[in-house]
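Visitor: According to TrEMBL, the record shows the following:
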type: ACT_SITE; residues: H109; note: active site, proton donor
type: BINDING; residues: G12, S13, N14; note: N(1)-(5-phospho-beta-D-ribosyl)glycinamide binding site
type: BINDING; residues: R65, N107; note: (6R)-10-formyltetrahydrofolate binding site
type: DOMAIN; residues: 2-182; note: domain 'Formyl transferase N-terminal'
type: SITE; residues: D145; note: site 'Raises pKa of active site His'
Amino acid sequence: MKKLVILISGRGSNMEAVVRACARERWPAQVAAVIASRPDAAGLGFAASQGIATAVVDHRQYPDREAFDAALAAQIDSFAPDLVLLAGFMRVLTAGFVDRYAGRMLNIHPSLLPSFPGLKTHQQALDAGVRLHGASVHFVTSQLDHGPIVAQAAVPVLAGDDAATLAARVLAAEHILYPRAVRWFVEGRLAPDGLRVAVTPPEPQWLFAETTSYAGEGA
Ligand code: GRF
């Protein structure tokens, strides 16, 4: 059994998708804990309702990034995880912290990396005029939003979109993509080689959002 620790800062819908898939698909894994960077993170309630241990490492209680990351690492390590998942975790991590979990920490980022790292990715996509947007699951390295990509999901940008409608379309794809990628890790099927990650035996490392409901641009 692989042990997972999931870090959240808010809603936690990606965490919930992973927890549900782990149970439903009987992964050889257990979500050992959900740790939040803020006490009001809504996802803590779902985790507790599933009998998962929860903890809060409140970033406002620490004078700097180093102190916060040290406290967070101590909390994570108390659960001895095989894999750490960032799921809407809104803190930038120090290089020391990232190195500690090298090769065993994944993140989901709401864009088709390397386009649109950082924040407000949906508005960035609208402003750039791209017609495809999406999400990426990647190994975390000290270069923000630039680690080896495990899987990507693409969704269309439609004529009437604003950041909220686009975010909702991407989020629905994230909920399929992240559990799929985490499952591959848990099954020992991921082999990073530089910035490329192979899955063995092979499976598509991409998905396209269902567009069957498409009713025409501007509809
Ligand atoms: C997701 O869009 C994720 O990709 C990004 O922040 C959002 C978190 O949503 N990093 P949730 O907390 O998983 O619902």
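Keep in mind that glycine also has a Cβ here, set from the backbone N, Cα and C atoms.
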Visitor: Show me the subset of G12, S13, R65, D145 whose Cα is within 10 Å of the residue listed as 'active site, proton donor'; these are the recorded positions I mean.
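Guide: The recorded positions close to the residue listed as 'active site, proton donor' (Cα within 10 Å), listed in sequence order, are D145.
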Visitor: List, in residue order, those recorded positions out of G12, S13, N14, R65, D145 with a Cβ under 6 Å from any atom belonging to ligand 1.
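Guide: Passing the 6 Å Cβ check against ligand 1: G12, S13, N14.
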Visitor: If we check Cα distances from S13 (N(1)-(5-phospho-beta-D-ribosyl)glycinamide binding site), which of the recorded positions R65, N107, D145 wins as closest?
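Guide: Result: the closest of the recorded positions to S13 (N(1)-(5-phospho-beta-D-ribosyl)glycinamide binding site) is N107.
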Visitor: Please report the distance from the Cα of N107 ((6R)-10-formyltetrahydrofolate binding site) to the Cα of G12 (N(1)-(5-phospho-beta-D-ribosyl)glycinamide binding site), rounded to the nearest angstrom.
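Guide: Between the alpha carbons of N107 ((6R)-10-formyltetrahydrofolate binding site) and G12 (N(1)-(5-phospho-beta-D-ribosyl)glycinamide binding site) there are 13 Å.
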Visitor: Other residues with Cβ within 8 Å of the Cβ centroid of G12, S13, N14 at the N(1)-(5-phospho-beta-D-ribosyl)glycinamide site?
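Guide: For the N(1)-(5-phospho-beta-D-ribosyl)glycinamide site the neighbour list reads I8, R11, M15, E16, A17, G43, A87, G88, H175.
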Visitor: In whole Å, note down how far the CA of N14 (N(1)-(5-phospho-beta-D-ribosyl)glycinamide binding site) lies from the CA of D145 (site 'Raises pKa of active site His').
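Guide: Cα to Cα, D145 (site 'Raises pKa of active site His') and N14 (N(1)-(5-phospho-beta-D-ribosyl)glycinamide binding site) are separated by 17 Å.
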